[in-house]
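Working notes for the structure below.
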Amino acid sequence: MGELADLVVVPSQPPLAGGRRDRLAALLELAAADDVDGLRGALAEGGEEAAELADGVGLWYGRSKAYEARTPLMVAATYGSAGVVSLLVGLGGCVDVNRRPGADGATALHCAASGGSRNAVAVVKLLLAAGADPATPDSAGRFPADVILAPPASPDALGDLEVLLGRRRALAVATSVASGSSSPPLSSSPDEGNRSPSSRSSSLSPITVDRGKKEYPVDPTLPDIKSSVYASDEFRMFAFKVRPCSRAYSHDWTECPFVHPGENARRRDPRKHPYTAVPCPNFRRPGGCPSGDSCEFSHGVFESWLHPSQYRTRLCKEGAACARRICFFAHDEDELRHVPHNSGAGLLSPRASSSIDMTAAAALGLLPGSPTRHFAPPPVSPSAGSNGGAAAAHWLQGSRLRSSFNARDAAVDDLGMLLEWESQYLGALCLPPSSRPQPRLSAGLSIRPTIAPSNLEDMYASDMAMSPRFPNDQGHSVYSPAHKSALLNKLHQQKGLLSPVNTNRMYSPRALDPSSLAHSPFGGMSPRSPRTMEPTSPLSARVGAPATQRPSVGSPRNSSAWGTVGSPMGKVDWGVDSEELVRLRRPAQPGFGEDETDVSWVQSLVSNAELNGKRGEVQGMPGTSALMNRPDLNNQGDLLDQTVIGAWLEQMHLDQK
């Protein structure tokens with residue numbers, strides 16, 4: 001650019017009409033619009049007043065909603081008019097780049113830093129090259145670096161402006177902590193502002209302004225995040241920076257274990273939001289993750305490293321010398337958590353779980369019985385060898401109903417194999433532990449590993465060990481011969497509760513329990529019964545099983561029925577007693593006789609079966625010709641059983657008609 005004399009031409013006519021104020025207003029408009037040619041022409045038409053007009057002061061309506069004293073250079077710097085700024089600073093000494101004409105005492109650098117334009121970085125570079133001083137304050141004592149406004153369209157310009165104008169945040173503490181390990185510091189308080197990544201990676205300027213972290217008064221009500229329940233694995237994984245803070249006053253967020261509005265360390269509850277420890281690829285992009293809280297990936301380093309599958313699964317490099325307030329890693333072998341491969345959750349470390357204050361844990365809702373506890377990780381830890389058996393027994397008691405084998409889960413062909421395996425196992429229980437065989441099921445019968453024959457003994461042993469009825473000194477004698485009958489009773493009771501179809505009692509009329517017939521779907525088909533066509537479900541069968549056993553507790557036949565189970569080849573006699581049938585027909589309470597089920601036809605079937613004990617009489621009954629020719633009926637008892645079943649089915653058919 002040439003000097004001002006190169007722009008001045010001798011006008012052929014007098015200057016344009018209008019006063020000096022109007023001409024300065026026109027120059028300010030041209031400077032705001034970055035009209036280089038128009039500004040050059042306006043200065044040329046000014047003649048001898050061109051120098052005064054180039055550095056003249058006019059009134060400009062700014063952001064303060066008032067007229068402010070501004071020069072064309074200051075207006076051009078505010079709106080990022082790099083062409084006009086280059087023209088004006090090239091005029092030599094005619095334009096003062098450090099001039100402060102207004103009452104606010106702002107310079108051209110103040111206007112460029114607070115303008116928020118896309119070309120703010122280029123304008124600041126032109127002003128600094130022309131001799132602008134970034135250490136000149138305004139009337140309020142603010143430097144150009146204190147009034148920086150980042151352009152919304154280019155957030156990276158913030159760091160460049162800070163470097164050019166000499167502003168540098170004091171990140172020494174955070175940088176030293178982050179460089180020593182992969183565990184980042186806690187998010188800063190809102191007074192520290194937001195900073196882009198480019199501001200941390202840029203180099204230091206010779207002129208630095210050290211502004212440390214805001215000091216807060218000592219708050220004794222803030223909990224210590226490194227002691228008590230706040231340092232436990234349970235709180236760190238499921239409550240740290242998850243629960244909102246209830247304090248309504250300003251305090252240090254880095255010392256508070258709860259989350260605050262707008263905090264970067266905010267986490268989702270892994271018990272309510274099923275996400276993994278894998279970082280989300282869209283979280284750091286402009287606009288954030290479109291899935292929001294429903295995303296299956298972690299949002300931020302705190303969600304990733306405090307996830308139950310990641311927290312304290314590795315050893316810290318500093319070990320016991322670690323000085324971080326919140327560390328994501330274990331500092332010794334006792335704090336190390338072992339996560340199973342088939343589980344998305346983690347296991348509590350022995351030291352952390354034993355050091356939890358139970359009163360505080362109950363208040364925070366971290367105990368297993370708390371209503372707010374929705375997540376229950378498996379309690380067995382490989383590192384906790386001393387209490388692993390008791391924890392495993394406690395877990396098995398809660399999951400037995402979910403993991404036990406059910407008869408309706410198997411095919412019809414597999415029921416015979418199940419009966420054969422059960423008889424072998426009951427026989428093996430009567431043998432000494434050293435000589436017990438290990439029966440195996442066929443590959444076609446799919447039973448979950450939780451009740452495999454190899455660990456069924458341990459399951460019931462741990463169950464009895466956890467019961468208050470068995471003291472600790474009797475833990476080794478649970479499988480003595482004195483406890484065999486109690487164990488067999490427990491096996492059959494659990495089988496009757498878990499299976500809606502009792503496979504051991506469905507093929508013989510001797511196994512017909514009158515109470516079960518009264519409540520069975522076959523008994524409901526009879527028009528004599530008030531329970532006609534009542535739908536049945538597995539739940540009703542399980543609930544009704546203990547009720548059907550109550551009337552026969554004191555029965556002599558029932559009390560001696562287990563006498564023949566001791567042998568592997570023993571057969572249980574589930575025959576129907578006529579006295580029990582009489583008691584069933586008799587009303588239990590006055591006024592309820594009309595609700596009792598009529599089972600008189602069952603007694604008639606049993607009496608017919610006892611009278612027709614001879615083969616000649618059996619042959620005379622209808623529907624038995626096909627049964628007589630079967631080669632698999634070896635004795636008279638089996639033939640009699642099949643005959644009674646046929647008569648029973650015919651009676652049911654007649655009842656339906």
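Note: Cβ is positioned from N, Cα and C throughout, glycine not excepted.
Source: prediction; values computed, not measured.
Under the heading compositional bias 'Low complexity', Swiss-Prot lists 176-206.
The compositional bias 'Polar residues' annotation in Swiss-Prot covers 549-562.
The region 'Disordered' feature in Swiss-Prot is assigned to 176-222 (among others).
Annotation comment: Swiss-Prot describes 507-566 (among others) as region 'Disordered'.
Taken from Swiss-Prot, the feature repeat 'ANK 1' applies to 68-97. Per DSSP, the secondary structure of the repeat 'ANK 1' (68-97) breaks down as 18 helix, 3 strand, 9 coil.
As annotated by Swiss-Prot, repeat 'ANK 2' applies to 104-136. Long-range contacts of the repeat 'ANK 2' (104-136) within the same chain, counting only residues at least 6 positions beyond its ends with a Cβ under 8 Å from a Cβ of the stretch, are 68, 70-71, 73-82, 85-86, 89, 97-98, 142-145, 147-154, 157, 160-161, 164-166, 207.
Applying DSSP to the zinc finger (274-302) sorts its residues as follows: 5 helix, 2 strand, 22 coil. Among the features that Swiss-Prot reports, zinc finger is placed at 274-302 (among others), with the record citing sequence analysis.
For 311-333 (among others), the entry in Swiss-Prot reads zinc finger.
Through the fold, the repeat 'ANK 1' (68-97) approaches residues 1-4, 24, 27-28, 30-36, 39-40, 51, 54-62, 103-104, 106-109, 111-112, 114-115, 117-120, 122-123, 126-127, 129-132 of its own chain, all at least 6 residues removed from its boundaries and within a Cβ separation under 8 Å. When averaged over the zinc finger (311-333), pLDDT in the model lands at 87. The repeat 'ANK 2' (104-136): residue composition by secondary structure is 18 helix, 0 strand, 15 coil, according to DSSP.
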